[in-house]
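The domain 'G-protein coupled receptors family 1 profile' annotation in TrEMBL covers 41-290. The annotation transmembrane segment is assigned in TrEMBL to 26-50, 62-81, 101-120, 140-158, 197-225, 237-260, 272-292.
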Amino acid sequence: MTEDNQSLTTEFILIGFTDHPELKTLLFQVFFTIYLITMVGNLGLVALIVTEHRLHTSMYIFLGNLALMDSCCSCAITPKILQNLFSKDRMISLHECMAQFYFLCLAETTDCFLLAAMAYDRYVAICKPLQYHTMMSKKLCIQMTTGAYIAGNIHPMIEVGLLFRLNFCKSHQINHFLCDVLPLYRLSCVDPYINELMIFIFAGSVLVFTITTVIISYLFILFTIFKMKSKEGKGKALSTCASHFLSVSIFYGSLLFMYVRPNSVNDEDKDIPVAIFYTLVIPLLNPFIYSLRNKEVINAMKKIMKNL
């Protein structure tokens, strides 16, 4: 083993995008536009929910926190992408790398629990409408939101702590545009089996619990909708759930494909396209998914526009 390979890596080079100058300019414009729209859309939605008293219900509290986490995800990833597109070295230190992964994992984990909470909220609203205000009290809403943030912080703390047990001496080039666990495992000269086992246990537990909550909630919702005699009632109930179900399907689908697909640690060809989708595209789409077909949000926006 050469001297370079024996020395431990404390800095990495992110080589996830092209070196072609013309494509770099185009990618910068695309990612900057996505970043700008994402931040305006999500933070605007948060501001709208905070200022409009009619939106101070559990569903919109969950939605506001989801938008906040989407902003956190975008802030953790996109500025470094924009910097590296025109940076000569494209370097990121080990601690910057760990911090980036921490906030990415925080956003993803918290989103999982918030989406599960939103599914339960829709279940109560459609299946038990007369008990909605009792079952979805402000106290329970705060507890569920707080629990999402606690779980969202515990999971990345464990993952980042385990990453520090690895020594990176194989290479200092990460074939990605961000610091994610899978490309880091490939660079480790220490067997990452324990890390892979722990991420399987913790990430798997988060996904199983939250996906099960979503599936059970929507099964009860569908049974209730099928029992409705009124077509208008069925249409209203389906419209209420459509935005959330679409967001859940896109989010969980991309996460499962990224981390649970067979041989995901060694298969790096699909990392970048899938990562672009769940780190950049989903935070961009969520404000529009939840706003464009939501009459309460649209009415609140119209009210604010009239007062300007």
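From the backbone N, Cα and C atoms, a Cβ is placed for every residue, glycine too.
On a predicted model such as this, the values are computed, not experimentally measured, just so you know.
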Interface-richest range of 26-50, 101-120, 140-158 toward the transmembrane segment (272-292), CB pairs under 8 Å: 26-50
Mean of pLDDT values spanning the domain 'G-protein coupled receptors family 1 profile' (41-290): 86
